[in-house]
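Right, one structure below, let's go through it.
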Amino acid sequence: MEESKVSMMNCNNEGRWSLKGTTALVTGGSKGIGYAIVEELAGLGARVYTCSRNEKELDECLEIWREKGLNVEGSVCDLLSRTERDKLMQTVAHVFDGKLNILVNNAGVVIHKEAKDFTEKDYNIIMGTNFEAAYHLSQIAYPLLKASQNGNVIFLSSIAGFSALPSVSLYSASKGAINQMTKSLACEWAKDNIRVNSVAPGVILTPLVETAIKKNPHQKEEIDNFIVKTPMGRAGKPQEVSALIAFLCFPAASYITGQIIWADGGFTANGGF
């Protein structure tokens, strides 16, 4: 094969596996899986904007990313507030000149209680953060995603949206809703060249989970029960989730939409609980 043709093929291949020149908004990017997602996308060439409720944590992260040479900006946002969500998207539109390639609805909360003990406040926090905020952000991001001519929406679901897990009925309901929303938006927005997918992690060893395990023997027992039923025999790492999200955003994944992909070491394939 002629050298020029080989060079052209290599160039095209690199483009399929790169996020260079793209823009991304990642919610809840100051810790855990969100932090890994920000680093993953920025490391692959994307300009990333993120948000957090905690200003101190966010500022520390932004400084670390600057030192690493990553193109990341961010601001404080309480995603339970519709007004603050609107303000966030206005800022993103300004920073990225009205175009957004990637929206990762990562931010989420979980409260552990028996179903009979959940309060109205619990309901508002869980459904407001996990479902309403993600839905609304997708709505107001739609013009920016469409304008990019290559839009991607990624939702963070969970194995709890598929398997019945103990003491998280509201959380499970919010993730089940996310799964159905993924399919609906994927079909509705395909005509606008916007792909919509969900990633559903299993047990992931974030710093918060590791701290909880050390402080609470019951928490460690619950995690161990998950791992016993996981064919790969271990918990996952945040980077193993962020890598899957990056893949779904690559041009190489251009025919994948409407999917809920489990990143759980085989837990759901093995029947869950």
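Using the three backbone atoms N, Cα and C, a Cβ is placed for every residue, glycine included.
Annotated features, as they stand in Swiss-Prot:
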BINDING   25-49  NADP(+) binding site
BINDING   S158  substrate binding site
ACT_SITE  Y171  active site, proton acceptor
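Under the three-state DSSP scheme, L25 (NADP(+) binding site) falls in the strand class.
Across the structure, Y171 (active site, proton acceptor) and the residue listed as 'substrate binding site' place their CA atoms 9 angstrom apart.
Comparing G45 (NADP(+) binding site) with S158 (substrate binding site), their Cα atoms are 27 Å apart once rounded.
Across the structure, Y49 (NADP(+) binding site) and the residue listed as 'substrate binding site' are spaced 24 Å apart at their Cα atoms. Distance noted between the C-alpha atoms of L25 (NADP(+) binding site) and the residue listed as 'substrate binding site' is 20 Å. Among the binding-site residues listed here, namely G29, I33, I37, L41, I33 has its C-alpha nearest to that of S158 (substrate binding site). With a cut-off of 8 Å between CB atoms and residues at least 6 apart in sequence, the same chain places Y35, I37, V38, V48, T50, C51, S52, C61, G74, N106 near G29 (NADP(+) binding site), listed in sequence order.
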